[in-house]
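The block underneath contains the structure these notes are about, expressed in structure tokens.
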Amino acid sequence: MRENVKRVLVIGSGPIKIAEAAEFDYSGSQALKALKEEGIETILVNSNVATVQTSRKFADKLYMIPVTWWTVERVIEKERPDAIMIGFGGQTALNVGVDLYKKEILKKYGVKVLGTPIEGIERALSREKFRETMINVNLPVPPSLSARSEEEALEKARQIGYPVMVRVSFNLGGRGSTVAWSEEDLKRDIGRALSQSYIHEVLIEKYLHHWIELEYEVMRDKHGNSAVIACIENLDPMGVHTGESTVIAPCQTLDNKEFQDMRSMSIDVAKSIDLVGECNVQFALNPLAYEYYIIETNPRMSRSSALASKATGYPLAYVSAKLALGYELYEVLNKVSGSTCACFEPSLDYVVIKIPRWDLDKFENVEHSLATEMKSVGEVMSIGRSFEEALQKAVRMLDLGEPGIIGGKVYNSKMTKIDSLRMLKERRPYWFLYASKAFKEGATIDEVYEVTGINKFFLNKIKNLVDFYESIKNNKGLDQKTLSIAKRLGFSDYQIASAVGLSEKDIRELRQKYGIEPKVKQIDTLAGEWPAVTNYLYVTYNGTEDDIEFSNGIRKLLIVGAGGFRIGVSVEFDWGVVSLLDSASKYFDEVTIINYNPETVSTDWDIARKLYFDEISVERILDLVRKEKFNYVATFAGGQIGNTISKKLEENGVKLLGTSGHSVDIAEDREKFSRLLDKLGIKQPDWISARSIEEVRKFVEMVGYPVLVRPSYVLSGSAMRIVYNDTELVSYIKKATEISSEHPVVVSKYIDNAIEAEIDGASDGRGVYGVVLEHVEEAGVHSGDATISIPFKKLSPETVHKMKESIHSISRELNIKGPFNVQFVVKNGTPYIIEMNLRASRSMPFSSKVVGKNIIDLALTGVIKGFDFDEFVELKAKSWGVKSAQFSWAQLKGAYPFLGPEMRSTGEAASLGVDFYDALLKSWLSSSPNRLPDQKGIALVYGRSNVEYLQASARNLSEYGMTVYTLSDAPIYGYEVTSSGKSVELIKDRKVEIVVTDGYLKSLDYEVRRIAVDYNVPIILNGRLGEELTKAFLLRKSNMTFYEIGEYGAGI
């Protein structure tokens, strides 16, 4: 019997953070679809402006406001929903739901919790209650004791004996968790661990060194009917967070008894917490004896459940939402097979491998070793019919410049066996690259196992790949049989060509001559036992025939997805892909997506007519164009990855939709683009295209420091840096040329104290639609880290007119057909162009939703039909919109928090308002761990740059009612001075409510900034933002507006 509800409130997860990423865009979107199918009105609270979920196609009503209990209470008071769903927005949504329950807000308004009851959620997420629950139902857990203070934690650790694992309650991503090998370790880390717990509780647990970690995904309905959807095996052992682990499904190394015993126990765990919906249950298995423990469960959609869903084809989030409405498993249809019910457990005739993606090089002082805390910012998933094939594909998907596990930079480096084993022992990211290098240099399986704890089954497979590669490299022979084996082992044409001394084109032609072609296979959830009705596809060389027939004689488009997320490429580009899909369906008979990110909406089973879950490379796309006969390939929606390969695709005869690959190359190549601006008479900062440090030094002698070093073909400011002296210059030029060695480095004069602005737009080669965006922070802070407003606040109409004229001129010269983004710095009213991207931009979901027009849809209209004008038409907002960056400093242990031209944020949030300060305050509060500071607390304000803005910030905070302190080494005049050491103690004692600073001061305030983020204290890293935000505290603290997005005249 279905729950009798007509209006349901769904809580989203807010902006993308490390450990709480786009998997909740996918799961929340599926839940909203399931509700809509039932005719239920949906109300969504989510401040993540970048997601598809916050577009009109999913929820009936949308509140883009901070995801907190007190803001959600305002929505409940206004909308009066019958029920609430809190299992589809990560830990953020669960915490909000628990707070609403405990404060009796749900009871007050008669709101029913759908899915797992709050008491069950608490039993799962409180480490102490979970341990007690497991013991009560006779399920094995490691020796462990809970603690709520530092003294108690030290005492419990002595009772258990070192080493111990510290686990944090009501938390995700392992934030604050650690392995303590001694009391000294525990004393150092326990304060941070307790600060990261929502309920100030930790579990001190026996550390299970080198045990195998496994996960089971369980579905359960309200009557106790259960299905185990997937068993996922972590290749990395216990001690590495599961989000940091390379994982494989189905499990490979379990015997039948182990598999069945843990399967049964996972169902018992679900029963013990009264699960309704989906959970994942984590186990530790002793590799040397038949011994295992239950580690934890997550009673919600999670990173693992998103992976399991994409790996098996089983729509977990959709089914979970149906179960939360009261359906039983047998009543829910599996829409992938179209004929089986949700109680059928999936069966796989392929293997899936997930590898995380890290961006640790962007952060100073960060710990690079993998451990109990998540640091990865994204992940990729590959599908193959052998471990070797899937692993090689996954490595290429990481987009690190590695052609596979073998034959790349690490494999061909001068690293010795000892060096490789050291990197493995230190648990550096991408361990498989160092393992293959170690085997190449003569390491044994036992030696690699000793330092990694990785099962020898997997190590043997990697060593076999090394042995095969070395054999063809040494023999230089490539007959039909050898080439066929190489392709079945996952080697790319490039890898094979490098081994035997031929070109990639030679290998492609040889393959086609021998008839060695990849086969298209279909994911049906039941290993071919039932036919599938959806085209959820992958490509393999381990097959003899295609599972599908290819349609001809119709208009077909292939859209290139965004690939794995990283800093600079996140869910906003998936929004671009899905927006293009929706728009293209009006003009094409069959629209197909190729992508390999398990977190995204674009890789859902029911989004595209066809989905290729496969690698994005020139080789793969040429294979698919040969089979499918696509009329066009669209590379502009998914960010940088498509732009990077567009020119090569065009050179190989592929017809690109929109702007030509030649024009894209001009815009992406800093030197070519700078020459174009000179030709058109458009202002830009003084620049030089340099191929040597000597050339740069001559340029610097003319223009003076500081200068900006900018390599070509990069995203999110990779290797981009403001340099202030010769020492920094030598260091950064070296780094930049390593990133883009085929292209010269452009060095430009850095214009300080300038306003930065952008225009998002679409063109048909003549007419232009555009939205003007303005940064709060001065130029020099990467646009992805900046606070951005629509409409502009500081720019003059005359300056904006010049910006529009420049863009109109460029769009005609390059014949831009599609979306674009242009960035300007403005000094004394004069705009200078610093960058142009001929693709969807990071800010496009924000600009589209604020002005109420989908720029991707406009762009495709321009490409297909053209516009009926030849001018710049500005798209204007009816209210104010502000976008704020979400940083994940707390997850990146040791990293020094500061802003610069290289991007470091992991996500973004936005809000709308009746004025700038209304929108700004809500937007900032939407990013974690930001909160309104307690007026009785201390504010710490200091810095050596933007001092006048810091002075204003201190003045505003003082007027707000706070006690303002400043650092003796970088003081703000007129306020009580304190030392760095004293400031650290004040933060640890939880007396500091907010820190406002500016610039790069690592030598004097590293510990202050680091302790602030470790103890969840909001930190503002720019003086100009500090002044505006503290003014917002004064103006808008008690009168923020909380309207539905349509009431602001916004939304798409």
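Keep in mind that glycine also has a Cβ here, set from the backbone N, Cα and C atoms.
Listed features, source Swiss-Prot:
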type	residues	note
BINDING	R127, R167, G173, G174, K206, L208, E213, G239, V240, H241, Q282, E296	ATP 1 binding site
BINDING	Q282, E296	Mg(2+) 1 binding site
BINDING	Q282, E296	Mn(2+) 1 binding site
BINDING	E296, N298	Mg(2+) 2 binding site
BINDING	E296, N298	Mn(2+) 2 binding site
BINDING	R710, K749, I751, E756, G780, V781, H782, S783, Q823, E835	ATP 2 binding site
BINDING	Q823, E835	Mn(2+) 3 binding site
BINDING	Q823, E835	Mg(2+) 3 binding site
BINDING	E835, N837	Mn(2+) 4 binding site
BINDING	E835, N837	Mg(2+) 4 binding site
DOMAIN	131-325	domain 'ATP-grasp 1'
DOMAIN	674-864	domain 'ATP-grasp 2'
REGION	1-399	region 'Carboxyphosphate synthetic domain'
REGION	549-930	region 'Carbamoyl phosphate synthetic domain'
REGION	931-1052	region 'Allosteric domain'
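Our reading of the ATP 1 binding annotation (R127, R167, G173, G174, K206, L208, E213, G239, V240, H241, Q282, E296) yields a largest Cα to Cα distance of 20 angstrom. If you take the C-beta of G173 (ATP 1 binding site) and look for same-chain residues 6 or more apart in sequence within under 8 angstroms, you find K17, I18, A19, E20, H241, G243, E373, M374, Q891. Between the farthest pair of Cα atoms in the ATP 2 binding residues (R710, K749, I751, E756, G780, V781, H782, S783, Q823, E835), the distance is 18 Å. Taking the domain 'ATP-grasp 2' (674-864) as a whole, pLDDT averages 90 in the prediction. Comparing the Cα of Q823 (ATP 2 binding site) with the Cα of every entry in R127, V240, E296, these being the binding-site residues, the smallest distance points to V240. Considering only the binding-site residues R127, K206, V240, R710, G780, N837 (Mn(2+) 4 binding site) has R710 as its nearest partner by CA-CA distance.
Residue environment of E296 (Mg(2+) 1 binding site) contains 20 other Cβ atoms, counted within 10 Å of its Cβ in all protein chains. For K206 (ATP 1 binding site), the nearest of the binding-site residues by C-alpha distance turns out to be H782; the candidates were R710, I751, G780, H782, E835. Here the candidates are the binding-site residues Q282, E296, N298, E835, and by Cα distance the one nearest I751 (ATP 2 binding site) turns out to be E835. The DSSP breakdown of the region 'Allosteric domain' (931-1052), given as helix, strand and coil counts, is 54 helix, 19 strand, 49 coil. Cα to Cα, E296 (Mg(2+) 1 binding site) and R127 (ATP 1 binding site) are separated by 8 Å.
On the backbone, the CA of Q282 (ATP 1 binding site) and the CA of N298 (Mg(2+) 2 binding site) stand 9 Å apart.
For E835 (Mn(2+) 3 binding site), the same-chain residues lying six or more positions away in sequence with a CB closer than 8 A to its CB are V822, Q823. Listed in sequence order, the residues of the same chain lying 6 or more apart from R127 (ATP 1 binding site) and placing their CB within less than 8 Å of its CB are S144, S146, R167, V168, S169, E201, V202, L203, E296. In this structure the C-alpha atoms belonging to G780 (ATP 2 binding site) and E213 (ATP 1 binding site) are separated by 44 Å.
All chains included, 22 other C-beta atoms sit within 10 angstroms of the C-beta of G780 (ATP 2 binding site). When the alpha carbons of N298 (Mg(2+) 2 binding site) and R710 (ATP 2 binding site) are compared, the span between them is 43 angstrom. Reduced to three states, the DSSP call for Q282 (ATP 1 binding site) is strand.
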